[in-house]
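TrEMBL annotations:
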DOMAIN    1-138  domain 'Nucleoside diphosphate kinase-like'
BINDING   K9, F57, R85, T91, R102, N112  ATP binding site
ACT_SITE  H115  active site, pros-phosphohistidine intermediate
Amino acid sequence: MEHTLVIVKPDAVARGLIGEVIRRFESEGLVVCGLKMVRLAQKEAEGFYQVHRARPFFDSLTRFMAAGPCVAMVLAGEGAIGRVRTLMGATDPAKAAEGTLRRSFAASIEKNVVHGSDSEASAAFEIPYFFNRLEIVSPAERGEISVM
Ligand code: CDP
Ligand code: MG
């Protein structure tokens, strides 16, 4: 059972897409184990994306992420990290596969609707960035059986 961090980015929250994003993941059998709305401060957005601090898009990206509320969640499932990335689609919506969240909804390579951890190491940093242990319920604790 793998855990991954997903963020519904401020563009998607503003456009009323929270439910649609969650529905896409739940319909594929991924289980929501933690969920909250957060408004990141600029420094918090910079800390989250520190891996990209030297990239030309860093300032614009972190301002965008701090410009409005996000919805952060922990999703669990077998191979959850890779499955979430597949459902998200490529970073650039023009290159994202048909039927993916980014192809369906993203306005640009920056305002691309959703974040998902890209590896186990990223998930291990990103999940505790948003959630403490008490805020994450295991699928077993939810009393549910995964449909996968
Ligand atoms: O989110 P993902 O892992 O697909 O892409 P990333 O390479 O880790 O980049 C993080 C985020 O930076 C992207 O999701 C975009 O919002 C933004 N970005 C951008 O604005 N311009 C780029 N050329 C690349 C990424
Ligand atoms: Mg990434």
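Keep in mind that glycine also has a Cβ here, set from the backbone N, Cα and C atoms.
Ranking the recorded positions K9, R85, R102, H115 by how many other Cβ atoms lie within 10 angstroms of each Cβ puts R85 at the bottom.
Across the residues of the domain 'Nucleoside diphosphate kinase-like' (1-138), the predicted structure has a mean pLDDT of 98.
A gap of 9 Å separates the Cα atoms of R85 (ATP binding site) and the residue listed as 'active site, pros-phosphohistidine intermediate'. With K9, F57, R85, T91, R102, N112 listed as the residues that bind ATP, the site has a largest C-alpha separation of 21 Å. Among the binding-site residues K9, F57, T91, the ones whose Cα sits within 10 Å of the Cα of the residue listed as 'active site, pros-phosphohistidine intermediate' are K9, T91, in sequence order. Among the binding-site residues K9, R85, R102, not one has its Cβ under 6 Å from an atom of ligand 1. Cβ neighbour count within 10 Å across all protein chains ranks N112 highest among the binding-site residues T91, N112.
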